[in-house]
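This report refers to the structure that appears directly beneath it.
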Amino acid sequence: MSVAIVDYGSGNLHSAAKAFERAARSMENPEPILVTRDPDQVFRADRVVLPGVGAFADCRKGLDSIDGMVQALNETVRDKARPFFGICVGMQLMATRGKEHVTTDGLNWIAGDVVKIAPDREDLKIPHMGWNTLDPVREHPVLEKLPLGPKGLHAYFVHSFHLAAEHEGDVLARADYGGPVTAVVGKDTAIGTQFHPEKSQRFGLALISNFLKWKP
């Protein structure tokens, strides 16, 4: 049993690996956490994590630069139905396409476009940076027993774009930043968070623990 964190030149790999290792240690049978650029290791993994920071097009280019990586992701997640966790731009890459400066194809696991957030208040600046609560949209095992809502724990966001999903059923939670912002998506065995769980302290560790325990 292993968890593969994909290294494609984007993402807080060290922070993500440490957070997943810490969450894994709390489990009865911890799964080894592996940071890898090897598509074969991704294909053999029991769970896959795709972090990402920066521009959508740059992150997609980084994935494409590793021969066989996109195929390995599709076969592992879509065909073999292994649990997948996309973080920040890693979550955005689950969309049909990104529209950050240029239109770029995503993995097309969740129908929708990645578009710029548009707060309806002038005092709210872009990027959306800092702590925010989550409003649940539908139940999901990865969100089970997490304190959500206006009095819940906070998650840490740093982003200017979000995934505007075509189907409401693919949205698990939203944040409010002068309007609704997609915070968590989920479909089949894949989930994604716009915020950074590895920077979200107790809330983030609880979420990662739920993902590691999840048996879809």
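Including glycine, each Cβ sits where the backbone N, Cα and C put it.
If you look up Swiss-Prot, you'll see 2-216 marked as domain 'Glutamine amidotransferase type-1'. The active site, nucleophile annotation in Swiss-Prot covers Cys88 and is backed by sequence analysis. Positions annotated as active site by Swiss-Prot, on the basis of sequence analysis: His196, Glu198.
Taking all protein chains in view, 22 other C-beta atoms sit within 10 angstroms of the C-beta of His196 (active site).
According to DSSP, Glu198 (active site) is assigned to a helical segment.
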